[in-house]
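Pulled from TrEMBL, these are the features on record:
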MOD_RES   LYS35  N6-(pyridoxal phosphate)lysine
ACT_SITE  LYS35  active site, proton acceptor
BINDING   ARG133, MET312  substrate binding site
DOMAIN    243-370  domain 'Alanine racemase C-terminal'
ACT_SITE  TYR264  active site, proton acceptor
Amino acid sequence: MTIPARALIDLGAISANVALLRERAGGVPAMAMVKADGYGHGIAEVARAALAGGATWLGVARLAEALHLREAGLTAPILVCLCGPGEPYDRAVAADVDLAAGSAGLLAEIAAAADRAGRPARVHLKADTGMSRGGAGPSDWPSLVDAALAGQAAGRLRAVGLMSHLACADEPDHPANAAQLRAFAEAADYAEKAGIHPEVRHLANSAALLTIPAARYDLVRPGIAMYGLSPLPERGAFGLRPAMTLSAAVALVKRVPAGSGVSYGMTYTTGRETTLAVVPAGYGDGVPRHGSNLLEVLAGGRRRRIAGRVCMDQFVIDLGDDPIAAGDEVVLFGPGDRGEPTAQDWAGALGTISYEIVTRIGARVPRVYEGRPDGRATS
Ligand SMILES: *Cc1c(COP(=O)(O)O)cnc(C)c1O
């Protein structure tokens with residue numbers, strides 16, 4: 001049976017990327033960021049491959065993602081980075097999931113849940129060091145630290161981590177990086193002096209891990225680089241290998257005369273008699289509609305541009321007189337070895353980042369796993 005469109009995930013590449021990143025980080029422990037279904041690659045499978053590659057922590061955005069990982073049998077420490085009010089923190093405590101907290105109100109809510117659960121909650125105090133997104137800014141930091149100390153004294157909280165996030169790590173020379181590092185050092189110093197002794201202090205994403213050694217602290221949090229995509233594409237690939245190959249089997253081939261309008265709106269017209277192939281992947285699968293008449297794919301050994309508009313379930317390519325048959329594989333993007341575009345190539349053409357290309361691949365597209373998650377080659 002041919003699968004119309006599928007995402008082949010090379011788990012060996014993920015393990016190898018994690019091992020490479022750990023080496024680049026000078027051996028500092030790594031939290032594998034597997035939020036958003038492992039950046040579209042499949043959360044539990046990616047988590048196992050990352051642990052096989054040497055990561056020792058898992059990071060997600062939402063509590064539901066962490067609980068899913070626990071249900072899938074993953075026992076490594078997991079941090080939920082984005083916690084809001086009214087979530088089932090009793091379940092987080094029961095599942096031994098770490099929670100990031102950036103406000104005293106949230107800490108109080110977590111402490112109450114820990115009280116009900118009958119054991120302390122593990123929290124990471126989140127500092128806003130300049131990004132103006134999550135976390136406590138300098139004026140709120142002392143009260144967050146006080147709330148954590150009170151929770152610890154009552155046996156309801158354990159402040160195991162201090163964390164922040166960088167706004168401009170993908171621009172290593174941006175002055176905000178040094179300013180955020182200074183602010184983080186100050187926040188950590190304040191907390192230590194107040195009596196918080198965390199196991200881990202962390203703020204480095206992939207870009208910071210690779211280019212800002214002072215940001216590594218006790219734990220690095222790579223996301224995109226684990227999946228083999230460069231966080232700084234203009235600085236190269238850093239030896240990383242893209243893990244996802246998106247491909248589809250041609251559904252239909254037809255010969256059409258010159259002047260044939262193609263797809264909705266007929267924004268593409270054949271210049272001469274030609275062969276068209278229908279590729280069963282559309283915006284319902286995550287192929288961006290903005291890629292109409294723009295994005296390239298690999299078909300019959302050559303790059304072809306999508307002809308006309310991307311539809312919900314399909315798009316068309318124009319092959320001229322080159323041979324192609326129904327069932328032939330079209331590679332939308334992949335590692336680039338065979339001449340196919342990479343997710344970064346698509347991102348560059350669309351004016352976005354590779355993160356968005358892989359994360360948007362839809363639930364309808366089956367993920368097919370290859371490679372051993374320990375990074376060793378399969379025979
Ligand atoms: C997603 C995320 C990361 C990873 O970022 P990348 O740029 O993909 O490496 C790190 N830390 C936090 C808090 C995140 O949410």
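Please read every residue number as a count from 1 along the shown chain.
Quick reminder: no glycine exception, Cβ is built from N, Cα and C everywhere.
When DSSP labels each residue, the domain 'Alanine racemase C-terminal' (243-370) comes out as 20 helix, 46 strand, 62 coil, counted as helix, strand and coil in that order. Ranked by Cα separation from TYR264 (active site, proton acceptor), the recorded positions LYS35, ARG133, MET312 are led by MET312. Every protein chain shown contributes to the tally, and the Cβ of ARG133 (substrate binding site) ends up with 11 other Cβ atoms within 10 Å. The Cβ neighbour count for TYR264 (active site, proton acceptor), using a 10 Å radius over every protein chain in view, is 13. Close to LYS35 (N6-(pyridoxal phosphate)lysine) in the fold, though at least 6 residues off in sequence, lie ILE43, GLY59, VAL60, ALA61, ARG62, GLU65, CYS81, GLY223, each with a CB less than 8 Å from its CB.
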